Amino acid sequence: MLRTYRDLLSNRAIRRSLIAYFVSETGDGFTSVALPLFVLINGGSVTLVAMTFAVNVAAATLAGLLGGPFVDRFDRRKLVVFIFLARAGLLVVAALVPNVIVVVIVAALAGALSALDNPAMEAAVLEASRGEVERTSAVRNIGYSGAAAIGPALAGIVVAGFGAPLAFLIDAASFVAAATLILVTPDYDPNSRVRRARAVVSGRGHSTFRKITAGFEQIATTPSVRSYIAYSLLGMIGVAVALVALPIYLVDELRFGEVTYGFALAAYAIGSAVSLVYYGTKKFRRLHLVLLMTALVYGIAALGVALLPFVAAVVVFRFLWGWAFGPDQIVGDVLIVGATGSASLGRIFAAYGVLIRLGTLAGSLLAAPIVTSIGARNALVCAGIFFAVVGIVFFVRPAYREIIPARSNRSQTVS
């Protein structure tokens, strides 16, 4: 199994890009913990915590909607470097001016920028995979999961001992380091610029509206991708409610503290990393059963965190929650890459990001009244039930049982 991944990482462009991705995501782990805790510790209400998530997602949604077509038109490496440095600058401002309103504004601007750098990075790395979609997707997400384990675990200690501003500065430094690494990385794919140039030429004469909606049109006309993204969009409503409820539940209701919250996020990431290593070399056949399984595990994990209020139980069920992420994410990447052309991957991933963020935004806006009305614990229970119901509706009904990707030129599909 390890040899399989070692062969893939012999590609220097992929290897350096994934290291840069890991570094930047590790830094992001610090902010993911520091941001809601900073708002909560500095007198923020449940509503303000929820709104912090909401403005971040709303800005990212708008940026992804308007900026998606540009991801395929510009040099992806230069675009990622520019955005990474801009995000570093914003985080320095948040650290030097530790005011709740300033931090929320920075979160919104950073969210807008993330809507562009994420699809650009994902499209570039997957395009360079040369047909090894499953393994490349697994390695990329293993890096993400490892970063999400290390970052939040250390962030809980940093925020508890030194405050949120230091966590913001560490994240800023990670973006600078990642940008530097990308600058010295060779071109991802010698033919990628030619394909993007052709895509730009073919898109000339189209209205701005048509360019913006191109990614959505491809999703809407590809049944396998459409079904998976519709399921993901609805599932993200429950995820957003859980994300808002979790710090309030652990820190305010159970009094477990910032360190436990950081370790809870890290347990999720470790679970997903282990899962991705295992499932990254698998060829899934019955996709509807795989996705049904992940939805049920998500639901069980959320219920376990809520109904067993012990530190050990929280860590175990967050690990289980992360475990379900592996097959879910790999199936999604294989579906998208296998059913669409590589020249348009950037706008596809951008449109995908917009739709997922719409679900997250809806969940963030619902979270405040839900948590305020029934408490964070019961909100987690509702989120768990919702996960399971969404999975059953999509993947037990006959209309959704055969989600099979279209054949790509590289024949990298799951039957």
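The backbone N, Cα and C atoms fix where each Cβ goes, glycine too.
Keep in mind that TrEMBL annotations are predicted by a computer and have not been checked by a curator.
These come from TrEMBL:
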| type | residues | note |
| --- | --- | --- |
| DOMAIN | 13-401 | domain 'Major facilitator superfamily (MFS) profile' |
| TRANSMEM | 20-41 | transmembrane segment |
| TRANSMEM | 47-67 | transmembrane segment |
| TRANSMEM | 142-162 | transmembrane segment |
| TRANSMEM | 228-249 | transmembrane segment |
| TRANSMEM | 261-279 | transmembrane segment |
| TRANSMEM | 291-324 | transmembrane segment |
| TRANSMEM | 330-349 | transmembrane segment |
| TRANSMEM | 354-372 | transmembrane segment |
| TRANSMEM | 378-400 | transmembrane segment |
Message: Does the transmembrane segment (20-41) come close to the transmembrane segment (291-324), meaning at least 3 CB pairs under 8 Å for residues 6 or more apart?
response: no
Field: Stretch contact, the transmembrane segment (47-67) with the transmembrane segment (142-162), Cβ-Cβ under 8 Å, 3+ pairs
entry: no
Residues outside the transmembrane segment (354-372) whose C-beta sits under 8 Å from one of its C-beta atoms, at least 6 past its ends, are 46-47, 49-51, 53-54, 57-58, 60-61, 64-65, 68, 115, 216, 219, 229, 232-241, 243-245, 248, 379, 382
Across 142-162, 228-249, 378-400, the most C-beta pairs under 8 Å with the transmembrane segment (261-279) come from 142-162
Taking every residue in the domain 'Major facilitator superfamily (MFS) profile' (13-401), the average pLDDT works out to 78
Same-chain residues at least 6 beyond the ends of the transmembrane segment (20-41) with a Cβ under 8 Å from one of its Cβ atoms are 48-49, 52-53, 84, 91, 98, 100, 103-104, 107, 110, 121, 125, 140, 143-144, 146-152, 154-156, 158-159, 164, 167-168, 170-175, 177-179, 181-182, 185, 244, 247-248, 251-252, 258, 261-262, 265, 269
